[in-house]
Amino acid sequence: SSSLLLLCEESAGTRISLCLIYSLLALVGTLSNVMVIYLVFSFKKLQTTSNAFIVNGCAADLSVCALWMPQEAVLGLLPPSFSSAHSAGYRLLWGGLLGLGLTVSLLSHLLVALNRYVLITKAPSTYQALYQQRRTGWMIGLSWGLALLLVLLLPGLWTQWLSQQSSQREISSASSSSHYTVLLVALAMLSQTVLLLCCYLGIMRRVRVSVKRVSVLNFHLLHQLPFPAAPPPARRVQRRLSSVSVLLLCSVFLLDTQPVVWVSLLGFFLQSVPRALQVTSWLLLCSLSAFNPLLYTW
């Protein structure tokens, strides 16, 4: 709970700084996510299966940037004695919205990576059979259903914890279950990251092999032409462009998601993590909702 409402527990100067950061992320994230969704729905040429998963992620990120971040920024301007904003029900409501948006966003990352992996590395017939319109809709609906199930289960643990504060033994038991929940969430994010990296590394390996084959084919064809032809693009440049694209995508994703994973694992085993490290890792994870549309559009 201390990670969901950071602004409630900081000093006045820190709360103002965090308020400005949340406001900036909310503005950039809302505009970029809305723009991507508008472009895809406005142009029929952009209405592809890959873009459907990207729009799904933008919708999830929009719930974080347009709804959760503004209320978090406003919360930093309220006095600490404002009880309604610090109540357990308020924390559960906005914490559930945040958990839903971030979970669907992370699942959309994985769906996009799997879609591109099958598109590039498998036969066209396999891709068309797997990504039919109905099956694509089921995949998107399953991401929201799974996220909603997780959100409904975790507040149930929190509510039980809030109602069982009558004895010290029950409090320690609830705290232990909360630590194990954090561990499971961190391991789930780590597994999702491994799958995503495997997909993009497989794509990069396939692109490198394809570039080599096309270069060899072009070499034989150019020498059979009766007229001089323009030289083909350098193989090194093509491989460099594909490598830079994958490297940029993976680097931004790892930079935004892995700090909170390892901070959570560190907190589980050591029980003491510097507050500044917690806040920084949390802000990096939230910033992913603002950077996603810019990254995928590029």
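FYI, residue positions are counted from 1 along the chain as it appears here.
Just so you know, glycine gets a Cβ as well, placed from its N, Cα and C.
Here is what TrEMBL records for this protein:
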TRANSMEM  20-41  transmembrane segment
DOMAIN    32-296  domain 'G-protein coupled receptors family 1 profile'
TRANSMEM  53-71  transmembrane segment
TRANSMEM  91-115  transmembrane segment
TRANSMEM  136-158  transmembrane segment
TRANSMEM  178-203  transmembrane segment
TRANSMEM  244-270  transmembrane segment
TRANSMEM  276-296  transmembrane segment
Legend entry - Contact set, same chain, for the transmembrane segment (20-41): CB under 8 Å, 6 or more residues outside the stretch: 47, 51, 54-55, 58-59, 61-62, 64-66, 69-70, 72-73, 76, 283, 286-287, 289-290, 292-294, 296-297
Inset, instruction - Summarise the model's confidence over the domain 'G-protein coupled receptors family 1 profile' (32-296) as a mean pLDDT value. - result: 79
Legend entry - Contact between the transmembrane segment (276-296) and the transmembrane segment (178-203) (at least 3 Cβ pairs under 8 Å, separation 6+): no
